[in-house]
Amino acid sequence: MIFRLGDFRFPDDPARLYPDTPDRPWVLEIGFGDGRFWPHYARTFPEPPNYLGVEISGVSLLKAHRRLKDAGLTNAVLTKLPAEVLVAQVIPHGSLDAIIVNFPDPWPKAGHEDHRLLRVPFFQVAASRLKPGGAALLTTDHDEYFEFACAQAEASGVMRVERVGPPPAALETKYAQKWRDLGLGVNHARFVPTRHDPVPNGTFAPYSEEDPAVPHAVLTLPADFSPQHFDKLTVRGKTWTVVLLDLYATLRRGGWVALAHVVEGDLTQEVLVGITEREDGTHLVRLAKFGGPIITPGVKAAVGAVTEWLEGQGAVVKHRGY
């Protein structure tokens, strides 16, 4: 199955994701590429563990989905998200048996270390998400990143580093085959939690059809409200940035829709905020369901930014629910 961010719960329950195999081990692979690793690795178990794969490439997502389907691996969920968001928001405490990272982007240029996945904050969250006895597994051809990751794991205070040989399946990935053909080796380490300090999952919420749960406002627009142009507007908070990109008139139902770009750390969402007339003549400003948005502080701020822009056009706010 392919999941959007909005298809998950925060945190989610493995029994909900894998209703037919709820008691099997749960493995997360970060950066699965074209999906070659998991069919090989799953065969080393008596029964295929429940699999969750995260990738940022849409092309890779489709290739891996076909490969896992052809292999008959039905207890697999794939998603296109930043890995940091998935691990922090979706995975419950003490639920994973393994986290697998094969050939991650090393971000080799000077000053780009902050873009690397395997840093102290990630290891601290990973230790919380792994079960006792679980581990994070890294395989990489990049020597400097390997040493960097090992040092970061040790500096996290919650991981022990074990430098061992990689599982054979890790050598079947596209990049492993490339380096093997060139006669080059790979590095592998197991990062084993020494503590499982709880790390909260955060404040994400799925879109709900219940009105009180969806960010909204009720207001009265001026009788002559008929916008002919819209200037891009940027609003910044402590943990988010909202950019109102444009305003569109809707033809079928009347009203308008604002397009907002919302950035919160590693998570970026583009959401629609509708402006529709109600039976009593007031207008409802409300986050639209289109695209499966996740309700976050930044998304609430986007609804607030649209509401405040409308106030600047002469609207009178009757109620704020964001």
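Keep in mind that glycine also has a Cβ here, set from the backbone N, Cα and C atoms.
Swiss-Prot annotations:
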ACT_SITE  Asp105  active site
BINDING   Glu29, Glu55, Asp105  S-adenosyl-L-methionine binding site
BINDING   Lys109, Asp141  substrate binding site
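Taking Asp105, Lys109, Asp141 as the recorded positions under consideration, the smallest Cα distance to Glu55 (S-adenosyl-L-methionine binding site) is found for Asp105. Cβ packing within 10 Å was compared across the binding-site residues Glu29, Lys109, Asp141, and the lowest neighbour count falls to Lys109. When the recorded positions Glu55, Asp105 are compared by the number of other CB atoms within 10 angstroms of each CB, Asp105 has the fewest. Geometry remark: Asp141 (substrate binding site) versus Glu29 (S-adenosyl-L-methionine binding site), CA distance 17 Å.
With respect to their backbone Cα atoms, Lys109 (substrate binding site) and Glu29 (S-adenosyl-L-methionine binding site) stand 25 Å from each other.
Between the CA atoms of Glu29 (S-adenosyl-L-methionine binding site) and Asp105 (active site) there is a gap of 14 Å.
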